[in-house]
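Comments concern the structure below.
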């Protein structure tokens with residue numbers, strides 16, 4: 001793609017759930033899906049878009065769900081945070097194969113031979129001008145989701161838009177898997193989402209986004225060129241503002 005357009009969103013934060021990387025119950029990381037996602041991100045980066053990614057770990061372990069196995073919540077959350085690092089390394093490796101520079105960032109002192117470094121709010125925007133930034137470990141504390149981390153990082157890097165990549169077409173009035181007649185919302189407010197208790201993000205994430213007027217677009221990564229459509233303002237998925 002040639003950079004001959006004026007883009008509405010020149011700095012974005014992608015929230016990529018771990019669930020988006022898996023296919024079925026056996027393939028915890030599906031490499032066809034990973035290839036598609038990283039290639040679409042590469043195309044945006046080559047257009048001059050600054051990109052931060054907050055990666056989840058739900059395809060491997062979800063801390064809140066480990067208590068049924070007798071694992072304490074705080075330990076489970078740390079296991080979940082380590083899962084985000086594993087997913088981050090997969091993404092980092094795929095960017096390397098595509099000759100795209102990226103940097104893993106940890107919210108606490110943590111280093112893997114220069115691949116991962118600790119977060120520095122004063123350096124992060126300099127890194128974003130040269131590399132794709134992959135935020136691992138959420139916000140680095142238990143009891144907080146990676147959705148909350150995505151909203152927080154989007155605000156800290158002064159992103160124009162938060163894009164939440166999912167396996168569904170957007171936000172529905174009900175679970176479309178249970179009710180095929182559920183309505184797809186094209187545009188809703190934070191207040192409406194909270195009032196209707198729509199299971200999009202947790203309350204903390206919404207509170208952060210609402211306070212800072214951060215627009216969020218939620219869409220299905222399976223749609224061709226979905227990321228490109230989102231940054232040029234196409235009416236894709238659901239917009240929350």
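Here the Cβ of each residue, glycine as well, is placed from N, Cα and C on the backbone.
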Starting from the UMP binding annotation in Swiss-Prot that includes 57, 139, 140, 141, 142, 143, 144, 145, 146, which of 77, 158 is the extra site residue?
77
Which whole-number value in Å describes the distance between the Cα atoms of residue 17 (ATP binding site) and residue 57 (UMP binding site)?
7
Quick check for the class: what is the C-alpha distance, in angstrom and rounded, between residue 166 (ATP binding site) and residue 139 (UMP binding site)?
20
For the UMP site made of 57, 77, 139, 140, 141, 142, 143, 144, 145, 146, how many Å separate the two farthest Cα atoms?
15
Do me a favour and check the Cα-Cα span between residue 145 (UMP binding site) and residue 58 (ATP binding site); whole Å is fine.
11
